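Working notes, beginning with the structure itself.
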Amino acid sequence: MEFYAPAKVNLSLRVLRRREDGFHEIESLMCPLSIFDTIDLSHREEGGLEFVCDDTTLPTGDDNLVVRAAKLFCQSCGFQPRLRIQLTKRIPHGAGLGGGSSDAATTLVGLNRLFETELSREALSAMAADLGSDVPFFIYQSAAVIRGRGEFVEPVAFPHELPLFLIKPPFGVPTPWAYKHWLDSREVPGVPYAAQEFSWGTLVNDLERPVFEKYLFLADLKSWLLTQPEVAGALMSGSGATVFALLQEKGAAESLASKVAAEFGTNLWCCLCETIGG
Ligand SMILES: C[C@](O)(CO)[C@H](O)COP(=O)(O)OP(=O)(O)OC[C@H]1O[C@@H](n2ccc(N)nc2=O)[C@H](O)[C@@H]1O
Ligand SMILES: Nc1ncnc2c1ncn2[C@@H]1O[C@H](COP(=O)(O)OP(=O)(O)OP(=O)(O)O)[C@@H](O)[C@H]1O
């Protein structure tokens with residue numbers, strides 16, 4: 001059985017406070033994107049869990065979030081895993097696009113269907129929270145407002161297919177580092193833009209300030225994007241390093257792509273996609 005794990009963007013990410021447990025209280029509007037990893041799940045005659053992935057730079061053992069999700073699911077249901085899992089990656093990792101988290105959640109949802117266990121979303125979400133803060137969001141397969149450290153998910157109607165142009169430089173930003181260097185600064189000026197109907201009137205990501213202070217390239221990239229006529233808004237996603245541009249219209253992607261290459265060179269990963277409301 002084949003399942004699709006979407007990437008995500010944070011259309012807004014407020015960091016509210018540092019918690020006693022070292023995590024941070026956040027409030028974020030997160031949206032799935034039309035770029036997916038593929039996860040193929042099948043029963044296996046022999047015992048054990050066979051995991052194959054086309055991206056050889058990723059861990060294959062218990063450090064891979066797919067393997068961890070599968071083992072957690074089987075352990076929770078009292079199964080001995082007799083599984084073959086094949087992961088095909090398209091979402092760049094360490095990018096602020098939640099690829100690994102999405103793979104983990106999609107594995108839980110997929111195994112629930114493969115084994116016909118009919119676990120509730122709440123039960124799957126509780127397992128997801130043990131795998132990572134971004135994982136519960138992907139259980140609901142919808143745009144949502146995320147709170148807590150990411151475990152409280154409130155699906156919201158988001159009837160927009162916003163054209164986004166994703167740009168990822170050839171480096172990642174470690175999420176723990178980004179949060180560790182977040183300072184409780186009040187208003188971080190977002191970029192208000194007209195195209196927004198939903199209640200979050202500005203694009204704001206409180207992790208930009210620490211990340212942009214260290215990774216000046218990202219600050220320059222965002223500032224440059226905001227001077228381009230094709231662009232209605234721009235923001236870093238999650239803890240980075242992806243910066244996305246909200247396009248005035250989908251057809252503007254080609255001209256923006258060529259200008260990005262001319263301005264910043266061709267070693268950037270670029271992708272045109274759309275938000276998926278749910
Ligand atoms: C930046 C976001 O991607 C926005 O959606 C998420 O908040 C991060 O989600 P994630 O990558 O799944 O994060 P986890 O793997 O759970 O946590 C990695 C590390 O990030 C920091 N972390 C994460 C989430 C959070 N709300 N507060 C934190 O301080 C902690 O140091 C944690 O040890
Ligand atoms: N299946 C997987 N796909 C991608 N990364 C994985 C996977 N399993 C484990 N990882 C590890 O998890 C790390 C974080 O991956 P992930 O793609 O979830 O984070 P991200 O792209 O930084 O998104 P965010 O910062 O929004 O959580 C990767 O750098 C990688 O080392």
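All positions are counted from 1 along the displayed chain.
Positions of Cβ are set from backbone N, Cα and C atoms, glycine also.
TrEMBL does not curate its annotations; it predicts them automatically.
Annotated features in TrEMBL:
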| type | residues | note |
| --- | --- | --- |
| ACT_SITE | K8 | active site |
| DOMAIN | 64-141 | domain 'GHMP kinase N-terminal' |
| BINDING | P92, H93, G94, A95, G96, L97, G98, G99, G100, S101, S102 | ATP binding site |
| ACT_SITE | D134 | active site |
| DOMAIN | 203-264 | domain 'GHMP kinase C-terminal' |
Report, as a single number, how many Cβ atoms besides its own are within 10 Å of the Cβ of D134 (active site).
28
Among P92, S102, D134, which recorded positions lie by ligand 1, judged by Cβ under 6 Å to any atom?
D134
Kindly assign D134 (active site) to one of the three DSSP-derived states: helix, strand or coil.
coil
Around the ATP site recorded as P92, H93, G94, A95, G96, L97, G98, G99, G100, S101, S102, what other same-chain residues have a C-beta within 8 angstroms of the site's C-beta center?
A7, I91, G238
Ligand 2: which of the recorded positions K8, P92, S102 have a Cβ closer than 6 angstroms to it?
none
Let me spell it out: for each of the binding-site residues (P92, G94), count the other Cβ atoms within 10 Å of that residue's Cβ, using every protein chain shown. Which one has the most?
P92
Compile a sequence-ordered list of residues in the same chain as K8 (active site), six or more apart from it, whose Cβ lies below 8 A from its Cβ; state 'none' when nothing qualifies.
M30, C31, P32, L33, L97, G98, S101, S102, D134, F137, F138, S237, G238
Here the 10 Å Cβ neighbour count for G98 (ATP binding site) comes out at 30
